[in-house]
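What Swiss-Prot says about this protein:
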- 53-73: disulfide bond (DISULFID)
- 118-203: disulfide bond (DISULFID)
- 125-194: disulfide bond (DISULFID)
- 130-154: disulfide bond (DISULFID)
- 216-245: disulfide bond (DISULFID)
- 226-237: disulfide bond (DISULFID)
- 294-328: disulfide bond (DISULFID)
- 374-430: disulfide bond (DISULFID)
- 381-403: disulfide bond (DISULFID)
- 584-590: disulfide bond (DISULFID)
- 129: N-linked glycosylation site (CARBOHYD)
- 185: N-linked glycosylation site (CARBOHYD)
- 239: N-linked glycosylation site (CARBOHYD)
- 287: N-linked glycosylation site (CARBOHYD)
- 299: N-linked glycosylation site (CARBOHYD)
- 341: N-linked glycosylation site (CARBOHYD)
- 354: N-linked glycosylation site (CARBOHYD)
- 358: N-linked glycosylation site (CARBOHYD)
- 382: N-linked glycosylation site (CARBOHYD)
- 396: N-linked glycosylation site (CARBOHYD)
- 447: N-linked glycosylation site (CARBOHYD)
- 623: N-linked glycosylation site (CARBOHYD)
- 294-327: region 'V3' (REGION)
- 560-578: region 'Immunosuppression' (REGION)
- 709-729: region 'Disordered' (REGION)
């Protein structure tokens, strides 16, 4: 059997392989990514920044909140905006919120300004003779002994303004404001806190009625709001929006009960930093408010007692009518229903344990009672009737909380400071809404207990503000973003325009949940929504400020507002400075020459632009941002240097500039310098020639006329270096006149220059010719070497191909021959086996024959 080898066309394989290799190289080159700068991306990060307040304060009102807000806050925005951010999850933490700390400082400022101490009551830190108040003009059938003892009528001696004489005065004090002196005399008292601090009297005409205050973020920052209805105060929030200012928050200072706050939208919400830690307070936000009415029924009068030059002590002069105790009324039905709902929510948190409520366990009066300020008077109400498990067994429709009033109070904002609050004349009535509770849980080591006891708490006013600011956080807008693209900067033109003053803000944050590709398309529209004037986000607010400038005074808060404006401008200038350094001024999308390094992010191009948001991308490359910025700056510096070198070559780009009149002046100067130099050389050579002739015996001052003499053929003309020349006559042109002499010298100089330049050009041409021949010879030899190597490569390739073909042929032939022999042997064996019966039959036939 014969097998023929099949030859393949290796030349076609070489062509296809080269083509495929080229395509691979082109495709790999096309996947190169370059850093691109984007201005106006919806990216932010957590930040603490000074906020400014806004309120609808009435400048004509003497109420302290209005007075403070007029000086401290700007008018509210008539068109507040709230823009939902889709597909964004943001972490909030109400327990670590700088907005709470700022509000704490602001309300302390409000109280210190409202209750500014004017008069030291040191002259009253004396022994007071006090008795229970007896009303002689009115019946006391309805007055209990406790009510009588609640107010003391105290007499004391005071120094008059003139003559230093002593005068006896009297004033009414609440029982809580005086303490008995332990000397056995039951009528001797002194003012409380006299022995531990200096008591100061607040300025007169203090009136309290909290007004809503809005907190606003300055330009370059934003306030994010969590709108999840089941948000518990910490953790991720999926329903996020951005707002210019918070809702109006009434700064009500109270304990145990939260008054006039915001309500939960659906069920009652219970929040705590750690429910298993009994030292952490529990804030309850109600979904329905409960009205609480507080009354001081006594119609008090106020009297003024002079205690020094220009100083007066204001005290309660008399009580008209019955002496009845101050109290607060709460609807029993609503309170009972609210406690039932709170109990149900607490059972979910504490694994269906029995929930009980009890009164405060003890402590300062401000903690053990519901303390608050009612139009300038400080109420301390006993809430044991509210937090009582037997409340459902009582059928009265109203829960009455007995209250006490103090005029010498300890300031909640500072430790160890006491103040005398002036008495308020007339009846006092305060109507408020209970919108939340502050609870504490009893501790213990028995974790297997089936019962949890909760008591009213409070005292730290930060918890009051936290109950309103739990859904807000401040963030800093990062308007610059970098991302990889396939575009590379080719030519950088000098930009002379700039984008209007802008910082990424509010309006465009709605695109934060979009993919990077979708968000980058709308950058122009986003930037147009940024700022107008100083801050576009606050354009309406600024117009309101301009309309009411007469309301604003440059106080501490005025300076704070100016700082916010300066901060906005600084942030804008910083962004513009970076854009300018990178060569991106006036551009929203700016390509660079910096190649993208996969070590920064190994995600593919499509994965980045089609699946990721700008927020996710910023977190991905956060650790490399500054390094990328520095690389962009270095690349721009190198590009500017290259541009400078290129501009230096641009002077040769236009030959017509050579004929400019300003250039001709330079040409004339250069020509004069060259001619002067040549004349100087001519003079030097002339002097040297004269010296040479003098050495030969000629006289330079001779007046002889040179005549021509015919020499004999056998005589030499000269005896020195000129000797040996035959049949050559020398003559010297005789010229007369300055012009002729100048022309002769100039002609000789030009001829001399021409001859020298001609020689130089010939030498240069010869040199170039030799170099060209050498170069051509080298190139020819190199080309021949390359052709030789190529032919050698083709020869060995052909030999290898032939050897391979011969090898395949030999193997095929050998295999075929071997196969034929094997087949032949097998056939013989098969035929032999088939012939066995025949051979046996033939043998038997022979045997029989």
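Cβ atoms here come from the backbone N, Cα and C positions, even for glycine.
With respect to their backbone Cα atoms, residue 381 (disulfide bond) and residue 328 (disulfide bond) stand 8 Å from each other. Cβ neighbours within 10 Å of residue 584 (disulfide bond), excluding its own Cβ and spanning all shown chains: 25. Across the fold, the C-alpha of residue 73 (disulfide bond) and the C-alpha of residue 245 (disulfide bond) stand 12 Å from each other.
Per Cα geometry, 382 is the residue among the recorded positions 53, 194, 382 nearest to residue 287 (N-linked glycosylation site). Around the Cβ of residue 623 (N-linked glycosylation site), a 10 Å sphere holds 9 further Cβ atoms from the protein chains shown. Packing around residue 354 (N-linked glycosylation site) is summarised by its Cβ count: 12 other Cβ atoms lie within 10 angstroms of its Cβ, all protein chains included.
A sphere of 10 angstroms centred on the C-beta of residue 53 (disulfide bond) encloses 24 other C-beta atoms.
Looking at the region 'V3' (294-327) alone, the prediction's average pLDDT is 62. Classification of residue 53 (disulfide bond) by DSSP places it within a strand. Cα-Cα distance from residue 358 (N-linked glycosylation site) to residue 382 (N-linked glycosylation site): 12 Å (rounded to the nearest whole number). Here the Cβ of residue 374 (disulfide bond) has 22 other Cβ atoms within 10 Å, regardless of which shown protein chain they belong to.
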